Amino acid sequence: MAVTSPWFRAVVSAAQMQEIENWLFTQGMPVAALMEKAALQTAQRLLTLYPLSTYPRIGVVVGPGHNGGDGLVVARELKLQGYQVQVLQPLDKLKPLTQNHVDYGKSLGIPWVDGVQALAHCDLIIDALFGVGLTRLITGAIADLITTINNLPIPVVSIDLPSGIETDTGEILGVAVEADRSFCLGLWKRAYFQDRALAHLGQTELLGIGLPPQAIANVLGEVWPVQVLGADQAQQTLPLSRPLVTHKYQQGHLLLICGSQQYAGGALLTTLGARASGVGMVTVAVPMGIKALLHSQCPEVLVKGLLETPSGAIAGLGNLDLSRYSAVALGPGLGSDVGPLVEEVLSVNCPLILDADGLNQLAQQQLLPLLAVRTAPTVLTPHGGEFKRLFPDIDQGDRLTAVQTAAAMCQATVLLKGAKTVIASPTGPTWAIKDSTPALARGGSGDVLTGLMGGILAQPEKFDLAQRVATAAWWHAQAGILASQQRTILGVDAQHLAEYLIPACRQWLGPNVANWPANLSHSS
């Protein structure tokens, strides 16, 4: 079976991971061999990150299953490298393979300790209690053990997943280890993209364990159902190369409908995001009262002044010809007193992005069913509160399932904003944005994203719409990360975020930036 995506992009459930492993075992791979591969990769990474000179004393907390077995192999390897290792095994009943590693570890002289306080003098604690697949609540002595570990002033590394986190939903099963670092083994697990798990994961890293591509494809198919978007995909998705002979109208024409007297900045920030996308033309439709502001701040865009309500919001689109544009984005800064704009734009025969007050109007006027009959694609970009108003019956606890359910329900591409933004469409894979920054938790950040996304969707298509939406979210996050590195988390206001979009692009393109066509023949 052909494989179209590198293994490190796949995101799997506990059941899918178990099925992949079972396929390996039916093909003849010993369970012990897979455990050795996973644990040796973990041990090697620990040797790099936690050198003997700084972290000589290691405590390993092991559970009854194969996660505990992984921990015991790690304990063995660290012992052989000169670390002072001790093991805490709070449960007596073990799987046979795990028991084998207990016996071997004791034969090497690794000490077993009886209580968590015996680990208080350690320099590092390794959590190998439960890992992937746990579904029951943690109570009693084990809950007390985890609470004590969390209260110790010692760094904790979890193997595969912090103990106490449900693998698929990220739910905290009563109590969970608060790791400083988590090594995800083999393939990303869904919990790594659930906001409610993030406080327990710490820094995250995927460790390859040599899973054959055919094993993954046998379970997930040729295209992974849930994928992490990476820099290489973003680069391929963006229209970075252009024909030698081109002009602005061939590079897309984006219409932004946004802004009000109260939220004039929303229109400006959306425009700044669009400007960075490379789209050929941008038209901004705003209330007449803020038209001059847009002209003065963004002289290269076309500004349409629209009739406004007494409070300074857009009253209606008037004679605006929606057929002229290759994408339309509506919502940022419109305010609550805006006219019935959403119903007016639903007829556009091009990608339509609804954000902010556009989403609120969609919910208030119960227009969601109309999206299913649109002939052109629709993109909804809610944060958690807007999502609840649009889809009150969908539980957001499991964000991946929630966004997939919403996309299927309304037949639109849905981007659910959060610390881990996720994107789903009615067909095709669900995308997850792995890296972001809390610096983006600022007013106007979403406006910049809407403009950037609109500019990308307005340009000639290279990949499916959901992947282009995900690329906009990924680029937006990378700009936030770069800006926070240079300005600190406190210094990333939305205007500066927009200014970092192109520097972020140059950074992840690296040497390839020199390969962009530098001498394009064009007409303005």
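Glycine residues also receive a Cβ, built from the backbone N, Cα and C atoms like all the rest.
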| request: Among ASN67, ASN100, ASN218, find me the residue Swiss-Prot lists at the same K(+) site as ASP127, SER163. | output: ASN67
| remark: Given the region 'NADPHX 1' (131-137), its same-chain partners at Cβ distance under 8 Å and 6+ residues beyond its ends are 14, 17-18, 63, 65-67, 70, 158-161, 163-167, 173-174, 189
| task | Could you measure between GLY446 (ADP binding site) and GLY333 ((6S)-NADPHX 2 binding site) for me? Cα positions, answer in whole angstrom. | result | 11
| said: Let's see if you can do this one: DSSP helix, strand and coil counts over the region 'NADPHX 2' (383-389), in that order. | reply: 6 helix, 0 strand, 1 coil
| note | When each of the binding-site residues ALA419, LEU440 is scored by other CB atoms within 10 A, the minimum falls on ALA419
| task | Consider the binding-site residues ASP127, SER163, ALA419 and say which one has the Cα lying nearest the Cα of GLY333 ((6S)-NADPHX 2 binding site). | result | ALA419
| Which numbers of helix, strand and coil residues does DSSP report for the region 'NADPHX 1' (66-70)? | 5 helix, 0 strand, 0 coil
| query | If one looks at the chain holding ASP160 ((6S)-NADPHX 1 binding site), which residues at least 6 apart in sequence have a CB under 8 angstroms from its CB? | reply | ALA38, ASN67, ASP70, GLY131, VAL132, SER182, PHE183, CYS184, LEU185, LYS189
